[in-house]
Amino acid sequence: MFIILKFLISFFLICNFFNYNDHFASGQTLPPGFCPSPLIYRNSTNRQNDIENGYLFIGQTNCTSPCPSLIFSENEWHRVYNMSLIAGTISMFALIFLIITYSPLVNKYNGYTRHTVGILFLFCGIFLTVTTDGRQLWDIDLGFEKYCPEPGRFARQSDTKCLVTAIFFQYGCVTSILWWAAISVDLWMTIRKVKISKLQFITYAVILNIITLILTFAPIASKQYGYGEAAIGCWLMDLKYQVGYFWAPVGFCLCVGCVSIVLIIREIYKVSDAIKKKLLAKHLKPLMLIILMLSEFIYMFIFYSYTTSRRGHYHDVVEKYIRCLFINASNPSICEVDVSISSPAHFFFHFCMRLMGIEGLIFFGFTRQTKRIWLRSFWLNNSFIKKLIPSLSSISSDEKTSNSSHRTTRGCRETEFGESIEQSNDPEHFIELSGVDSKN
């Protein structure tokens, strides 16, 4: 009797086969409360409202997709979330150090130029990105509940935590890419010895931040922030909004960055060997960071473009998996999701974001300029610290004496990184890092 009943149920399900996300036929019915694992049954009284709240229904049934989605196995999801926790935490502390170093808390106002301000904005943007995406120290115990507040429900902007983290994540991403492009242009202007006034500097800084605010807050009106099927945090959901409010600006910034790098290399190549060595000595670290970040942005851009082009394939894979679930309703464990998106490639995509903070520490944290900023700061240059650590006082005094000697006896000029470069009577031999002219 049990075998006959099992056969009838399987026959009924096959005959009433449905499509996934509009790929299945509409108007199907299933036994009340029945959904093969890992699909989740949702007793919906207001289907449209449930969809807006983040439930992904399978065709016209009351079965919903699990959260996180079926695109990866649970182990693969845990792997990428654990990476976001470990790499993100390291990156977060590295960025905190860099932000404090270049902020008014430590760096004196007269040490600010368009380049140092650009670096500060860049690091702040990356910091917002790594602390609002994936898993962090302060929400380890939440597990998937942070982005899956209820079984089978993906978080939406109606969920306060999702909206707040999505806003900060989008703002951080846009800030990072815009100021990365600005820094790459600034490095070229530095080598070309181009100076701008304070008014011009403030103007383009304000414009960049206005663009960032528009690209961040405009999608809220269309309720576009939420947790997606391949994401590890809340962000823009619809493809057209992702392209219009992020990837199109990213593409433009990548073009600007590529052109700037080519022009920088061209300028370095044109000068004599002696000047070339000085240029490389002064600009090698910023240039390497710009090139590394360019390669990471390009990888993320290519990965996103590739996965977007295969959205149809992803739905076909999930459709095949769900067919298997309903055909083998009594033994769903034999069904497996075929690989639609490479798990290692997806892992590296999210790792790239966290790698930027670590790279920032390597190229801007362990430098003479960082040491000089801290030694000049109030925190290490006060009577209490000098009494507590006498050796630090002598080092600070040596720094001041050295700087004074450079300015008076060698006709040196300080750069925005607090490093001196000898002047020459030949204007072609004078290297000036980016500065802001005090004249308006």
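If you go along the chain as it appears here, the first residue is 1 and each next one adds 1.
Here the Cβ of each residue, glycine as well, is placed from N, Cα and C on the backbone.
Database features, via Swiss-Prot:
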| type | residues | note |
| --- | --- | --- |
| SIGNAL | 1-27 | signal peptide |
| TOPO_DOM | 28-85 | topological domain 'Extracellular' |
| CARBOHYD | Asn43 | N-linked glycosylation site |
| CARBOHYD | Asn62 | N-linked glycosylation site |
| CARBOHYD | Asn82 | N-linked glycosylation site |
| TRANSMEM | 86-106 | transmembrane segment |
| TOPO_DOM | 107-110 | topological domain 'Cytoplasmic' |
| TRANSMEM | 111-131 | transmembrane segment |
| TOPO_DOM | 132-162 | topological domain 'Extracellular' |
| TRANSMEM | 163-183 | transmembrane segment |
| TOPO_DOM | 184-200 | topological domain 'Cytoplasmic' |
| TRANSMEM | 201-221 | transmembrane segment |
| TOPO_DOM | 222-244 | topological domain 'Extracellular' |
| TRANSMEM | 245-265 | transmembrane segment |
| TOPO_DOM | 266-285 | topological domain 'Cytoplasmic' |
| TRANSMEM | 286-306 | transmembrane segment |
| TOPO_DOM | 307-346 | topological domain 'Extracellular' |
| CARBOHYD | Asn328 | N-linked glycosylation site |
| TRANSMEM | 347-367 | transmembrane segment |
| TOPO_DOM | 368-440 | topological domain 'Cytoplasmic' |
| REGION | 395-428 | region 'Disordered' |
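It is 86-106 that, among the stretches 86-106, 201-221, 245-265, 286-306, forms the most Cβ pairs under 8 Å with the transmembrane segment (347-367). Take the CB of Asn62 (N-linked glycosylation site) and look out to 10 A: across all protein chains shown you find 21 other CB atoms.
Asn328 (N-linked glycosylation site) and Asn82 (N-linked glycosylation site) are 33 Å apart (CA-CA, integer value). The two recorded residues Asn328 (N-linked glycosylation site) and Asn43 (N-linked glycosylation site) have their Cα atoms spaced 23 Å from each other. For the glycosylation sites shown (Asn43, Asn82, Asn328), fewest C-beta neighbours within 10 angstroms: Asn43. The two recorded residues Asn62 (N-linked glycosylation site) and Asn43 (N-linked glycosylation site) have their Cα atoms spaced 6 Å from each other. Each residue of the topological domain 'Cytoplasmic' (184-200) gets a DSSP state, and the totals for helix, strand and coil are 11 helix, 2 strand, 4 coil.
With a cut-off of 8 Å between Cβ atoms, the residues of this chain six or more beyond the topological domain 'Extracellular' (132-162) that come close are 40, 42, 52-56, 64-69, 77, 80-85, 88-89, 92, 168-169, 172, 220, 223-229, 232-235, 350, 353.
In the three-state DSSP scheme, Asn43 (N-linked glycosylation site) is classed as coil.
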